[in-house]
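As structure tokens, the structure follows; a few thoughts come after it.
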Amino acid sequence: MSTPKAEPVPIPGPRGVPLMGNILDIESEIPLRSLEMMADTYGPIYRLTTFGFSRCMISSHELAAEVFDEERFTKKIMAGLSELRHGIHDGLFTAHMGEENWEIAHRVLMPAFGPLNIQNMFDEMHDIATQLVMKWARQGPKQKIMVTDDFTRLTLDTIALCAMGTRFNSFYSEEMHPFVDAMVGMLKTAGDRSRRPGLVNNLPTTENNKYWEDIDYLRNLCKELVDTRKKNPTDKKDLLNALINGRDPKTGKGMSYDSIIDNMITFLIAGHETTSGSLSFAFYNMLKNPQAYQKAQEEVDRVIGRRRITVEDLQKLPYITAVMRETLRLTPTAPAIAVGPHPTKNHEDPVTLGNGKYVLGKDEPCALLLGKIQRDPKVYGPDAEEFKPERMLDEHFNKLPKHAWKPFGNGMRACIGRPFAWQEALLVIAMLLQNFNFQMDDPSYNIQLKQTLTIKPNHFYMRAALREGLDAVHLGSALSASSSEHADHAAGHGKAGAAKKGADLKPMHVYYGSNTGTCEAFARRLADDATSYGYSAEVESLDSAKDSIPKNGPVVFITASYEGQPPDNAAHFFEWLSALKGDKPLDGVNYAVFGCGHHDWQTTFYRIPKEVNRLVGENGANRLCEIGLADTANADIVTDFDTWGETSFWPAVAAKFGSNTQGSQKSSTFRVEVSSGHRATTLGLQLQEGLVVENTLLTQAGVPAKRTIRFKLPTDTQYKCGDYLAILPVNPSTVVRKVMSRFDLPWDAVLRIEKASPSSSKHISIPMDTQVSAYDLFATYVELSQPASKRDLAVLADAAAVDPETQAELQAIASDPARFAEISQKRISVLDLLLQYPSINLAIGDFVAMLPPMRVRQYSISSSPLVDPTECSITFSVLKAPSLAALTKEDEYLGVASTYLSELRSGERVQLSVRPSHTGFKPPTELSTPMIMACAGSGLAPFRGFVMDRAEKIRGRRSSGSMPEQPAKAILYAGCRTQGKDDIHADELAEWEKIGAVEVRRAYSRPSDGSKGTHVQDLMMEDKKELIDLFESGARIYVCGTPGVGNAVRDSIKSMFLERREEIRRIAKEKGEPVSDDDEETAFEKFLDDMKTKERYTTDIFA
């Protein structure tokens, strides 16, 4: 019985402008991003029109499965591919259906890509891959690797050698082969030309002239290769011989000279461009997901070990195969396919999709957004956006519905070079994981795209360190060894220990795991101290210690715990450490651990440092001293760290290795020359520049100020709802002026900072050996408001020797726990103490040395990329309060970052970067999932983004008829003081409420009518029946705010849970069913842990 036809509905889409249509809705640099955003807004199908030409964009598996039916639809050459026909005419990828040259070439070339021929290319693939391995081995672990560039060299040289017997020798030149520049130029310009009217493309512009020059270069190069082969024939069964000598088994015809050139260019481009992108994405995914990286490397170790890889090994790497499948699912490097109604087989009039729901125009093509189709949650589940290779192992991959994975195209027009690309990718990944440990150059890097007609990561750098037992000198011969020689070599050549940095200094290694810079600052602080104890300390990220923890001196691990997870630059180390096996593999290591955490994350408080401390010890290492811990919720973490170092770590090092203290002499840390009349700014950052578009005050007088800032993001930067924006701030000018005044510096003073001696601190985060404006130094490089530590007090006391009364006072504060606690509680900084005690005679060099480096601050993004992916907003409170350390009543305590942000104006530039949320703190993919959001004050920020995202989806999908009348309920509980004064974003939320995106329930703690105030937890308890019903129907709960808000909401949820639990227990007892014996606290904690695991209860708590 056939399904009744659906009622046709209009195909939705953005409104265009006259003549140009939707051309302005499509980004010029990364068109894919805007096309996918429109799919999120308008649903599984939408229509675009440019210059009178329309096409439908498809983003769901259900509709894609229809148009992949080759009885109804066939490949359509349009947009950028149509423009490429100027260069490669009717080659395999650009031919229209029915063109004779395509049919001949397809039948001639298919045998060249048969399994045996591909396997016979293995040795040549291995030869080029060896060149890549040796380049990275010789560069060493400090070298930043531009991943896409070197993978481009690899794949271009591989296709040239294997398919055409030609060596481009790309690894022997700093510059890319001219073929690459011409290819990129042609592909990019073809895409640009496809978005312009034909008249403009015929104008003699610089870009158009370069386009034709690139085409000429590519064709002439291939003509030269063909002519050389014809003059020097060979029996090699490669692609070039097939092109020249092959005959069509159906017609007996050979390929024409022009067709040979067309397809040579096609294969040189297709044979390397997409594979280099896929390899780059694969390594990005593995480095972002340490567990997957660990499994892939363990598979290589288990299957291949240290011997030379063989072609037979590639069939025994199911996990690496899954990594590649999952990579191509998330980021198909050829991101779209165009189809149109089959001109001879499809007799529908009109042509429809969705069982008659969507009516296509006559001969209207459809473009399939493969990335969206392959991330369809109806096929891949709610975690469809996440990288999980396990879903692509054979047992799961083979059960996928038809057409759910299409990165190589469809049917007759699918990529015939797939076996070649697959063998090459598996070989390269296996060889690299066999020989190197990798880490991102910037662990906070999130994927950015570069698009021509294909996509690649942009600005993606990593570092490669040879694995334990390998060195560059012997690796070349080991790679060509036939069997066990590689393994024998590895066993015989261990890594050399770190060299001593001076005749009397012993080696020491300090590893840090840090996202915000606190633990890195501690690591450098400890390394600075090491010289005076007789050690030369190397400071590296924790990931650098993976696979090779040194045994030639003390090793210190300093790491934070972020919501129970390791920092970005410690994730691979932690994964490796957790998987260590064998009998005491870390025997001979002498270590200590210092950890940071935040007490509001009770269930995961200090989890990572404690686990590192336990696991390193359990694997045979010697623990030098007890773990040191600092709660970042307290202001005085520096003193906690210094105390641990002075009372635990350094005495333990002396006991184990002997004392080699080089002094307690009170010499200045820096020599400083002061001059004026110059201003120099030097700032080395791993952030990018954003532009302030708008800075708006959201509150009225009488309440703490809250603002929202809209930023224009750096090119290629992407974000998702729930992500953070990291900002590098500048100290308030009033605070900087206090420094200038205290040290009697004129406003234009210039400092030149040098090390006082060669053994002075090596780990400096300020400009050295160059002139820098004193104002810039104190404004941008250092933290001026950090509470003073006990060590700071000791330095100040020594500098107050001329005033015994002040000296005694400072010593008393340091030694009295109650008085010292006030330093943290009142946020009294070194600068505050210098102002309070003017007789302290502190050298400016010592003052600079006491200041920690400026760190970034993270703010929840309060916008949705569906509105504009090139912009994002933050919403924040401005911290401005009476100073508890004030010398006068007029003094105020100013939040460093919030003050800086509040003073920004439109057009000003800011150093920033997007940081992903490490939890499930993101809105549901589907509008059918209910939401409960609770916040107070600026905790509203991420929820504004969530609701904005829902509103855009609702508007788009309603216009397409692809969603029910009402989406699932989304309730927002928002705490504020007084209606009309600080109920921020009220107008926007009211508009979104009208379309059903949210229900806003405000709790006013200080109502204007003088009535009793309420808080979000009070409103939630009033609505408990509704909330329990929502939760039992699948709702997700989100909480954002201070610890007070988080704890209060948690208590409300606990109360509701226990009430509902008691009701369920009563009913069960009445039915004679068993009930749990857990006490109430245990039952609630189990429930909460389960909800967190399922990402149905997530929090974002800030100080």
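Glycine is no exception: its Cβ is also placed from the backbone N, Cα and C atoms.
So that you can see what the record holds, here are the features copied from Swiss-Prot:
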- CYS415: heme binding site (BINDING)
- SER514, ASN515, THR516, GLY517, THR518, CYS519, SER561, TYR562, GLU563, GLY564, CYS596, THR604: FMN binding site (BINDING)
- 508-649: domain 'Flavodoxin-like' (DOMAIN)
- 685-924: domain 'FAD-binding FR-type' (DOMAIN)
- 1-491: region 'Cytochrome P450' (REGION)
- 492-1103: region 'NADPH--P450 reductase' (REGION)
- THR274: site 'Important for catalytic activity' (SITE)
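Residues SER514, ASN515, THR516, GLY517, THR518, CYS519, SER561, TYR562, GLU563, GLY564, CYS596, THR604 are listed as the FMN binders, and the farthest two of them sit 20 Å apart at their Cα atoms. With DSSP classes pooled into helix, strand and coil, the tally for the domain 'Flavodoxin-like' (508-649) is 59 helix, 36 strand, 47 coil. The C-beta environment of SER514 (FMN binding site), restricted to residues of the same chain at least 6 apart in sequence and closer than 8 Å, consists of GLU520, ALA521, ALA523, ILE558, THR559, ALA560, PRO567, ASN569, ALA570. Taking the Cα atom of each, THR516 (FMN binding site) and THR274 (site 'Important for catalytic activity') are about 35 angstrom apart. Within 10 Å of its Cβ, the residue among the recorded positions THR274, THR518, SER561 with the fewest other Cβ atoms is THR518. Around CYS596 (FMN binding site), a 10 Å sphere centred on its CB holds 27 further CB atoms from the protein chains shown. Sequence-distant contacts of CYS415 (heme binding site), defined by Cβ-Cβ distance under 8 angstroms and a gap of at least six in the same chain, are ALA270, PHE408, GLY409, ALA421. Each residue contributes its Cα atom, and for SER561 (FMN binding site) and THR274 (site 'Important for catalytic activity') those atoms are 38 Å apart. Spacing of CYS596 (FMN binding site) relative to THR274 (site 'Important for catalytic activity') is 43 Å (Cα to Cα, whole number).
Summarising model confidence by region, the domain 'FAD-binding FR-type' (685-924) averages a pLDDT of 88. Each residue contributes its Cα atom, and for THR274 (site 'Important for catalytic activity') and THR518 (FMN binding site) these two points are 40 Å apart.
Residue density at GLU563 (FMN binding site): 18 other Cβ atoms are found within 10 A of its Cβ, drawing on all protein chains shown.
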